[in-house]
Each structure stands twice: as C-alpha cells, then as structure tokens.
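Chemist: Below: one structure in structure tokens.
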C-alpha cells in the first residue's frame, strides 16, 4: 500500500506551490483548448454544438450530486483521511452506478424536453462519465488534501489532449455531436486510470457502518447545495434549449464557454487549494478570516478586470476567435462575462462557508438564488431572447445572490465591511476599464487589433492592481501557517 510521506514543510509553502501548479495547469489547458474549441466550432457549427450541449447539461446535472458530496469530507476531515477513504469510495461508486441507470432510461424524456430528441444517443453515451466520476471521487479528494497539483496537472493535460484529438478526428469524419461525446469519454477513462495511479493510497474499497451517518450528515447538505448550484448555473441553458431550441442553445453555449474562461482560469485553481488551506486553520478563526479576505482581494484584482474586458469587447472577441457565423453570441457574452466576475467571488465564499461548517446556510442561499433566477430566466427568454437570458443571470446575481452571501458571511463572524474595502478598488477599476475598452474597440474595425488593444489595457490594469496590493500578495506567499494535519 502506497501512503503519502510525512510532510514537514509549512502549509503556506505547500499551498503556494500547489496553487502555482494549479494555475499553470489551468492556463495550459485553456490555451490548448482555445485552438481546439475554435476548430470544433468551425467544423460543427451551432446546431451540433446545441445537440452536444443538451447532453452536457444532463451529465452535469447528475455530476452535481453524484457522490452525495461525501468526497469533500476527505478534504476537511480533522483526522487521518485514509481511514474514511474506502467507505467514501464504496458509497461513491454505488450512488454513481444507480444514477447511471436512471439517467440512461430517462435520456429520451430529457432530450425531448430540451427540444432535441436526436440528442438521446449522445446523452446516453455521456452517462458513462457518471460512473467514472464516482470511481475517482476518493482518489481525487486525497490528492487535493495532499496538495498534489503537479500530478493533477499531468492528469488534466493528458485528458484534454487525448479527448481533443479524438473529438477533432471524429468531427473531420462527419460524426457531428457524437464526436464531442466520444472525446469526452476517452478523456474521462484516461483520467480515471491516472487518478487511481497517483492517489496516495490508490483506490481501496471498504465500508465502516459507523462512518455512514457522519459522512452523510456532512455530504447531503453539500450535495443538495451542489444540485441547486447546478440549477442556478445551468438553468439559463435549460431555458434557452427548451424555449428557443437546440440551435439557439448552440449560440448561447459558445458565449457561455467564453465567459467561463475567467472562472476556470482563476476560480478553478484557487478552489483546488483554498478549501484545504482554510480547513487547516479551523482552530484559528481569526487567521482563517484574514487568509480568506486576502484571497478575495487578490482574486478580485486579477479576475474582475479580465471579466470586464471580455464583456466590453465581446463583439471583436467572438468575431476574431470564431468567425461571423457566431456573431449572435456576442450580446450574450457581454452579460455572461459580467456575471462571471460575481460568480468567481461567490465560489470563494462558498468554499469558505464549507470550511466553517455552514453547509445548511449554503443550501439556503442556493435555493433562494435559484427560486429567484428561474422565473426571471423564463420571462427574459420571452421578451429578450438569448441576450435577455444572459442579462437576467447578471441582475439576479447582484440583487439576490450577493446580499444573501454577505448575510451568510456575517453569520460566521466575518466582517463584510472589511471584505467590501478589499473589493472596492478592483471593482471600481474594472468598471472604468470596461467603459474605456468599449469606447476604444468600437472605433476599431479590425477585430484582431481591437482584441489586442483590449488585452493590453487589461494587462496594464491587472499589473497596477497587483502592484497596489503587493503587501497582501506577499503575506499570502510567505504565510508560515503550521500544518495541523
């Protein structure tokens, strides 16, 4: 049995190193998939993208609560996480297998409701990812606990490129949306093998009845919250597909994917490190709050300007990257990119509340957000089409989700006024940046030049914000936080 070696270096160093690997991983994956995504978009077109989007929504709906949220218990378990890993693995595989069968039989109903009955075979093929996800839940959580982001980078990069190669080859052969599904399966199979190989204890199954209740007590509220998060995140696609059709969904999904770049680039790497880092400060609430506020400020300084530029320069970005065929995605991208800036910060707050054991509070916030969002999307789809759906996302995030998250932070003793002070300068600078980029790029006829100008203004703003917040960055990088594990 392979066990993780004892760690003697401090938590700040380990977390910083892991975050560096995670950032590199995400940046390489995003840069690589930009070209791949362009090729596939031009090969397949909006209709095939819409068909694949129907299958993706079905898959992500199930994955949102696939292993009942119990794998996160490994990340924040106060004792030795290896003692609960076999039970977590068993429960994860059992629940994912049941969900796989259920999804297989309900695929025709879902595809028809989304306005694309022909997507049924694609949905069913994608269901295989449900079982693979449950299989690697425990190994992936152990790797996250041990800050094994270097190994995670190997897994993700191989998965991205193998899956992309399969998809492009099949798309050239004319297999349509099925090419994307087969590529997704190929990537998932390879990733599962590598997760099992790299995990500290490989993959072991077992079952301790005494662990069932505490694992479910921890995981079920998170699973419920994750399912609601999914609805809040993908209700727009569900509404777009069911109300406007699969082709319109294809245009929306392209804008959604572009708006997700900042989330994946900034929030994704941070979320792979922050929960474990914060969890080890549970016995020192003041320090944990300081670290959270520092992370929030730095995250806002790098992510908000990027989201602002994507929103302001949506038209030249879509035209340059994907071509005139996809021009209808630009208005959607403007509002989705603005909403992405809020979502990036919400996800950090979400992880902070998880560590402070406020799973039920998270669930309440997500339910309220969803209850407000769904009718807003339906109304917006009738009066504003695709752009109206995107605008509804942004408005509900600001008017409903933001106040609720601030109340949740106050409930755990975190100062919302301190958080506001940390976010004020990045948010204000990003607003002025968006105005400047919109005014400048609207006068430039060449989309490449417009994108280059927008990118330069963004880089300058991020550099200025980073320089002004260099003291906070230095504190995070040099944190000497004793490893409580």
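The backbone N, Cα and C atoms fix where each Cβ goes, and this holds for glycine too.
Taken from TrEMBL, the feature transmembrane segment applies to 21-43, 49-75, 87-110, 154-173, 185-203, 249-270, 291-312, 332-350, 362-380, 386-407, 419-441, 447-467 (among others).
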Chemist: Under 8 Å, at least three CB pairs between the transmembrane segment (249-270) and the transmembrane segment (154-173) (pairs 6 or more apart)?
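Modeler: Between the transmembrane segment (154-173) and the transmembrane segment (249-270), which are separate recorded stretches, there is no contact, as judged by 3 or more close Cβ pairs.
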Chemist: Any contact between the transmembrane segment (447-467) and the transmembrane segment (291-312)? By contact I mean 3+ C-beta pairs closer than 8 Å, pairs at least 6 apart along the chain.
Modeler: yes
Chemist: Under 8 angstroms, Cβ to Cβ: which one of 87-110, 154-173, 362-380, 419-441 has the largest number of such pairs with the transmembrane segment (291-312)?
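Modeler: Comparing 87-110, 154-173, 362-380, 419-441: 419-441 has the most Cβ pairs near the transmembrane segment (291-312).
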